[in-house]
Amino acid sequence: MFLLQAMDTTTVAEGLLEDDFHTMGWVDISVFAIMLAVSTLIGVYFAYCSPQGNESEADYLVGGRSMGTIPVALSLFASFISGIALLGYPAEVYVFGGQVVYNALSYPLTGLLLGYQLLPVFRNLRTLSVYEYLDRRFSRKARFIASCLFLVSHIVWLPIVIYVPALAFEQVTRINLHVVGPVVCVICIYYTTVGGVKAVVWTDAVQAVMMLLCVGLVVAKGVMEVGGLGTVWQRNMDTTRLEAPVWDLDPTTRHTIFSLILGGVVRHTADLGLSQSIIQRYMALPSLRACYRATAIFMVCTVCLNLLACFCGFTAAAYYHDCDPLTVGIAQKRDQIVPMFVLDVLANVPGLTGLFIAGVFSAAMSSLSTGLNSISAVVLEDGLRSMAGRSPSERQTRWLLRGVVVGAGLVCLALMFVVEHLGMVVQLNASLSAMAAAPQFTLFIAGLFLPWVNTRAALLGAAVAAAMVGVTVIGAQANILSGALQYTPKPVSVDGCPHLAPPNVTLAHLRPHDNSEVFWLFRISYLWYQPLAILTGLLVASVAALAGWRNDLADVDPRLVAPVSRRFLPEGKYRGDDHGDDPATQEALLLELRTLSAAKDAAKE
C-alpha cells in the first residue's frame, strides 16, 4: 500500500467540491438552531421560572444539593466528553489506527477508584470547592496553588472545546469558524450565567442524549453506505487500522495497551475524581449512594460513546478507502474528516447532518458551561474567601459568580483563535491537561494515600511533577511543530477519486519517520506524561518524608485519608466510612473537621 501525497491539489479539490461536496440545507440549520434555542430556554426557565429559585449560592453552584441522579449522571457524561472525543477520536482512528480503542478499558477502573476511594472523602467535606480538602489536609498554600492550576488549565482547555465544533461547522457550512464560535459561546455564557448549575445540568442532560443519538446515527448510516459490517472490517484490516493491542514496553511507542490503560486511569482520575468541575456535580446529589448510581450510569455512557466514536473512525476509513480527502485537499485538517464523512453519508436525509452538528456543539457547550460554572465556584471559595479572607454579602456573591462566568467565557473565546495552529486535538488536549493535572494529582494522591507525607514534602513532590511534565510537554510540542517529531499515519489511496488527473499526485512508499535524533524524553508517548511525572513527584515526596518532612500519624484525621490507606493510621483512629447520607450527620462532621483544622492552624502560628 502506498501513501499518496498531493503536489498540486487546488484543481482537484475544486472539481470535487463542485460535483461531490454537500453542505447543510435549511432543515439542517433549523435543527441546529433548535438545539441552541432549547439550551437558552432551559437557562431562562431556571433563572426566572423555577419554583425552587436560583438566588442562593448553594442553588447556583450545587443545585441545593438535591438534584436527581439521572440528570446529574448525564451532566457528568456530557461535560466530560466534549467535542474533542466526538471529532478527535474518529480522526485519530482514521489517521493513526485503532489502538486508541483500548483506552475504553481504563474507564471501569477509574469508576471504581472514584467511587470507593475518592468520593467518600470529598462527600464528607460538603464544601463548594474540592480544593478545601488540600487546606484541611495540608495548608492554605497547597489549596491556593491547586486552585490556580485549575483556573489556568481550564482557561487553556476551554478554547479547544470551542474550536473543535466550530471547525466542524465550518467544514459543513463554509461559515468561518471565527464567526460561529463566538455566537455559540455567547449563548452558552448566557444560559450558564442566568441559570446556574441547574441550567447547566439539565442542558447537559439534553445534550448528552443528542450526543449518543447523533454518533449512533452516523455509524449506522455509514455502515449501510459502505456495504455492511463485513466491508468495514475487511477494509480496515487491509489498511492495518484494525489491530490487536500493542504489548510493547517501550514508552516512546505512541499507543500501547499499558499506556492506554494505566495512562488512561491516571488521566481520567485527574479529570474526574480530582476536578472541581466533576466533584461539584457530585455535591449536587443528596447522598453517597446516589453518587454511586450516577457514577455507574456515567461510566457506561462514556464507554459506549468512546467506542461509537472510534467505530465512526473505522467506518470513515472504509468509506474513503480509495479516495482520501486529506490527500486530494478537500479536507484541510485531520479533524475535518468526520464532518466531511457526515455530509457524505447523511446529506440525502434532510435534518440528519444538522442533528450531528448539534450533537457536536452539545458536547462542547456542556463542557464549556460546566467549566465556567466551576471557575466561578473556585474564584469565590478559594480566591475571595480563603485567600483574601473576605465574605461578600448575598447580593455581592450573586454578581460575583455571574461576572466571573462572563469574564472567563470571553477570555476563552479570545484564546480560541490560537488553538487552530497547535495540531491534533486529542494529543494537544492530553498534553495541555497533563501540565496542570500532574502537580494537582500529586498533591491529592499524597494527601489521600500517603498519610505520612506533610505539607512541605507534598509541595516539593508537586513542584517536581510540574517541572518534569512541563519540560516534557513543551519540548514535545516544539518538536512536533518544527516537524522533527512525526508519527507515521496509516496508508491511504486516491485510486478511486473522480476528476483526478495523474500529474496532480505522486506515489511514495510509506516510510516511518526517524525520530531518533529527538531527545528521548520528548519522544515518549503523550499518555505517559502524567503517570511518569506523578510517580516521580510521589517518590520525591516519600523520600522527603523519610528525611524528616513527615506527619505524626496520630494527628492525621482519618476522614481526610482514602479508605484503603486508613489502615496505616494508629489503632483507634479509623472510624470507618462516613457515607454521609444523613445531612445532619454530615454538618456535624464538617463542623468537627473544621474545628480540628482551625486548632491545628492556631498551633502552627
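Each residue, glycine too, has its Cβ placed from N, Cα and C.
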Look up transmembrane segment in TrEMBL and report which of 101-122, 211-232 it refers to.
101-122
Determine which residues of the chain contact the transmembrane segment (399-419) at the Cβ level, with the cut-off under 8 Å and only residues 6 or more beyond its ends counted.
57, 60-61, 154-156, 158-160, 162-163, 166, 178, 181-182, 185-186, 188-189, 192-194, 196, 368, 372-373, 375-377, 379-380, 384, 392, 428
Three or more CB pairs closer than 8 Å, sequence separation of 6 or more: does that hold for the transmembrane segment (69-89) against the transmembrane segment (295-320)?
yes
Quick check for me: are there 3+ Cβ pairs below 8 Å between the transmembrane segment (29-48) and the transmembrane segment (175-192), leaving out pairs under 6 residues apart?
yes
Considering only the recorded stretches 143-169, 295-320, 355-379, 431-450, state which has the highest number of Cβ pairs under 8 Å to the transmembrane segment (528-549).
431-450
Remote residues contacting the transmembrane segment (143-169) - C-beta distance under 8 A, at least 6 residues beyond either end:
82-84, 86-88, 129, 131-132, 134-135, 175, 177-178, 180-181, 184-185, 275-277, 333, 335-336, 338-339, 357, 360-361, 363-364, 367-368, 371-372, 374-375, 378-379, 382-383, 386-387, 408, 411-413, 415-416, 418-420, 425, 428-429, 432-433, 435-437, 439-440, 443-444, 459, 462
Please identify the stretch among 101-122, 175-192, 295-320, 431-450 with the greatest number of Cβ pairs below 8 Å relative to the transmembrane segment (355-379).
175-192
